[in-house]
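I grabbed these lines from Swiss-Prot:
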type     : residues : note
ACT_SITE : 310      : active site, nucleophile
ACT_SITE : 455      : active site, proton acceptor
COMPBIAS : 639-658  : compositional bias 'Basic and acidic residues'
COMPBIAS : 660-673  : compositional bias 'Low complexity'
MOTIF    : 308-312  : motif 'GXSXG'
TRANSMEM : 87-107   : transmembrane segment
C-alpha cells in the first residue's frame, strides 16, 4: 500500500474528515420546548372534589371489589369456555411453536451442510470466494461474470424463451420501437416538414404509452435476475435500452409542443410508477443500511423517495438531509464517532429503567439524533434542500389508532428528529414521545394535539401501501435487517443476483426435500401465530400487541438482506466502534451489489421519464434540477387552503380578494355565508382560531396501511 492509499485509509477513520463533525445544529430552546411537551401530560392538575374535602383524600380500598382488568370491557372476551381454555390452549400452541422452531433450525443446518459439501465444490467455490472479497462494484461485476461463465449462465442469457415473461411480445415490441424511432430520427435529420414527422412521432408515443408500465410483460419479474450473478436476458436488456432511447427521441423532438410532451410524460409517469428505498428497523442492525445506501449512491441508483422505520429512520434522515457530495464524505467508518446514543454506563440504565420504565433518556437521544437531521429541520425543508422525499413511519401509543407516515405532504412542518425518535420508541427501551412542529416564528410546539407516538416497526415496518397512496410507489427496494426476520429468510429458488447453483440454476437449495421441509415449517409457524392473534389469546406486555412484528409484510420487489454475525446480537443496543462500522459498511455494500443491475434498469426508464416531465412541466423552469429546486409559493392542498381561509388573518376583505383565491375557497366561503349570519361567523372564528391553527398543522395527515383499508375491504365484502 503506497502513501496516498494509506492517507485515504486513515482519513476514513478520522472524525474530523466528516462534514460538520463538531457542529451542534440544534438550538437548546428547541430541546427545552420538547422537554416541556413531554412533561405536559404527566402533570396532574390540583382540583378538590368540593370545598369541604381535601385534595388527594386517602380512601381505603374495598378489598372485596373486583380488580379492574388490564384491557377495557370491549376488548376482553367473555364466555366460560374462553376463560377456561384460553391459557391451556395458549401454552399448547407455544409449545408446538417451540418444537417447530427447533425443527426449523435443524432444517436450515442441514441445508447449509448440503450446499457446502454438495453444491459448492471445486473451482466454483474458489470463484465464489473471490466474488465476496470484492469491495468495489466494478471488480465485483468482473468476478460475477467470471462465475457466470464457469456455470454456463451466459448461454441462458442468449436464449429468449423463459417461462416468467412474455418473450414473444417483447421481441415484437423491440422491433416496432426500433423501427418507429429510426423513422423519426431519419425524418428529423433530413429536415422533413412537420406534417410528415408528427404522424411518425405519434406512432412512437402510442407504442411507449402501451408498453411503459410497471412490470410490462413480466420484464421486471425478479426471477429474470435470479438465474445469473450479473445481468438478465439479452432480450430484456435490449428492450430496456430501446425504451430509454425512444423516450429521449420524443423529448428532443422539436415538432412536438412542450404542452403535449408534458402530458405524454405525465401519462408515462403515472403508468410506470416510482421507486423507493425502504429501510427497516432492527436497533443497531440498522447500521448495515449505511453500506446499502453507499453502494446505491456510488453507482448512481439511490432513489429520491426514502422511508425509514425505527433504526432505519435515523439512516433515512441522514440520507434525506444531505446532498450526494456530503453523503460521500459521511458514509465512512469515522461516522461512528457521532453515534453516541448508548454511551452511558449500566448503572445509569438500570436506575433509569427502574424510575421511568425506559432504558434510554429521551432528551439525550433527541440531542444526538438532531445532528443526523441537521437540527430542527422539517420534512418540507429537507425536501427543498436535497430533493429527496423522506418518510418516517410512526405508531400512536394508543393500540387502536391508525399509524401515520410522516413526509413533506402529510406533515410538512413536523420536525424530523422528533419523528425519528417516535419511530424508534420501543416499549421498555424508549418511552413514547411527542411529535414537534415548527411554527412560523421558528419555535417548536406539540404536534397532533400532543399525542404520543412509538416504534413504527411494531405495525408498519415497510409502509408500502402508504407510499403507493402518496407517491405512486410500486417498486419498493427494501433493506431488511430485523434480526427476528433475517433468521427466517430463505429463498429456495434463489434471489436477485444469487442463483441456485444446484443443477445449473434449475434445482432447489438443499435439494427439493430440504426446501420443502423449510417451507412447510415456516408456513406452519405463520399459521399458528395468526390463530393466536385472531382468537385474541396473546397477552399484551407493556400494553402492546406484539403479533405484528412477525405477521406484517417485510419484503419488497427487491429485498436486500445484509449478512449478520452472532456478535451483532451482543451489541444490539451499543454504539458501534469505527472498526465495527467499517465491517457493517462493507457487508451492506456487498449485499447490495447483486441488485445494482436490476435497479439500474428500472431507474433507466424512470429517470428518463422524470427528466422529460420536469423539463416540460409548466410549473418548473427547465433549468432547475430536481435535487436543487425549492417550492415557491403556497401549498396547493385544497384542505390546507380551506383551513387557511377560515383563519381570521386570512379572511378576504372584498370580492376581488375572494375571486383571486382558489375555486374551492370561494365555494366554501359562499356556502358558509349562506348558512350563517355574518356576526355569528365572526364570533365563531374568534373562538376557534386556535383550533383551526392546530387543524392546519394536521390537515394533510393521511394514515397508513391495514387500518386505512379495513373499511374499504368491509364494503367490498
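Cβ atoms here come from the backbone N, Cα and C positions, even for glycine.
Source: prediction; values computed, not measured.
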So for the residue listed as 'active site, proton acceptor', how many other CB atoms are inside 10 Å of its CB?
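The Cβ of the residue listed as 'active site, proton acceptor' has 26 Cβ neighbours within 10 Å.
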Give residue numbers and ranges for long-range contacts of the transmembrane segment (87-107): same chain, 6 or more residues beyond its ends, CB-CB under 8 A.
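Hits for the transmembrane segment (87-107): 488, 514, 517-518, 521-522, 524-525, 528-529, 531-532, 535, 537-538.
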With DSSP as the reference, give the number of residues of the motif 'GXSXG' (308-312) in helix, strand and coil.
2 helix, 1 strand, 2 coil
Tell me, how many other CB atoms lie within 10 A of the CB of residue 310 (active site, nucleophile), whichever protein chain they belong to?
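Within a 10 Å radius of the Cβ of residue 310 (active site, nucleophile) lie 30 other Cβ atoms.
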Under DSSP, is residue 455 (active site, proton acceptor) helix, strand or coil?
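Residue 455 (active site, proton acceptor) sits in a strand per DSSP.
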Cα of residue 310 (active site, nucleophile) to Cα of the residue listed as 'active site, proton acceptor': how many Å, rounded?
6
Over the motif 'GXSXG' (308-312), work out the mean pLDDT and round it to an integer.
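Overall, the motif 'GXSXG' (308-312) comes to a mean pLDDT of 93.
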